[in-house]
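In what follows, a structure is listed as structure tokens, so that the remarks can point back to it.
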Amino acid sequence: MGYDIERFVGYVNEGLLCSICRDVLEDPLQAPCEHAFCTACIHGWLIHHSNCPEDRQMLDVSLLRPLYRYMKNDLNRLQLHCKNREYGCEMVCSLESIDRHERECEYSQILCSNAGCTVQIERRNLDGHLAVCEYRSRECPNGCGYTILSTEDTQHNCVAELRTELELLRSEMICRVEEAKHEMESRLDSQRRHMVQKESILQNEIEELKSQMSRMMSDVRSLMAAERQHRQELEQAELEKRELMELLKGLQKDCRLNTTEGNKKSTNFRPLTRLESVKRKPREVTVI
């Protein structure tokens, strides 16, 4: 439905009227034949018809388009009275801004904000109504802190309300304690399983380290035995070296003492005999 033409100040062009409700266009749409309608009006018409209500040309919702810009501008410039004029509002403003004004108009009829109250009152008188509304809520004057409605004044019992509140708090606390207990037990079980698993892993690692240590000790003992054997062979080789050195010194001494030709043969024979005896002496050298 459109805006009541009686609300408008001055002349309203015929082209700005809805072809169905004959009021001023509200949320207008335009048909290909250039007839304009309120959105609600034309949608309702096309539910039961398939043509334009003015010239009966074929029409479908998909063919509707927004109003021409110049027509939209003319429509927005129209001046009209606030819908709360009958309650005392004398505001006149453009169609473009009327919705914003009516949302904030002091003469608008609004519902009381107290739960259960069905009274409709002007926005400007709302504060006065809330002060005396029988459904208003307030804090108990006796100091219990409970919020009561005016209709409950005679039924309110501070002790009973506090007892009820205490029971609710106790029940809530018990539930929270149980939840915390279950959560802690769950965490402890999880940690316990984790510790058992970790202990098993550490035990396996310890056994592996023991095995590695045993192999290392065996290798060390083998190396120490090989070292002792090598040392003995070196000592034996050193002893043979000293014997050879003594033998060479004896040969050199014999060569200096026996300078005569006749003794050369005997001298030559003697060291050869000693050398042959050295050669016949077994030598064992182990190579590592």
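Positions of Cβ are set from backbone N, Cα and C atoms, glycine also.
In TrEMBL, the annotation zinc finger applies to 101-144, one of the ranges 13-56, 101-144, 145-188. Per-residue confidence over the coiled coil (192-254) averages out at a pLDDT of 90.
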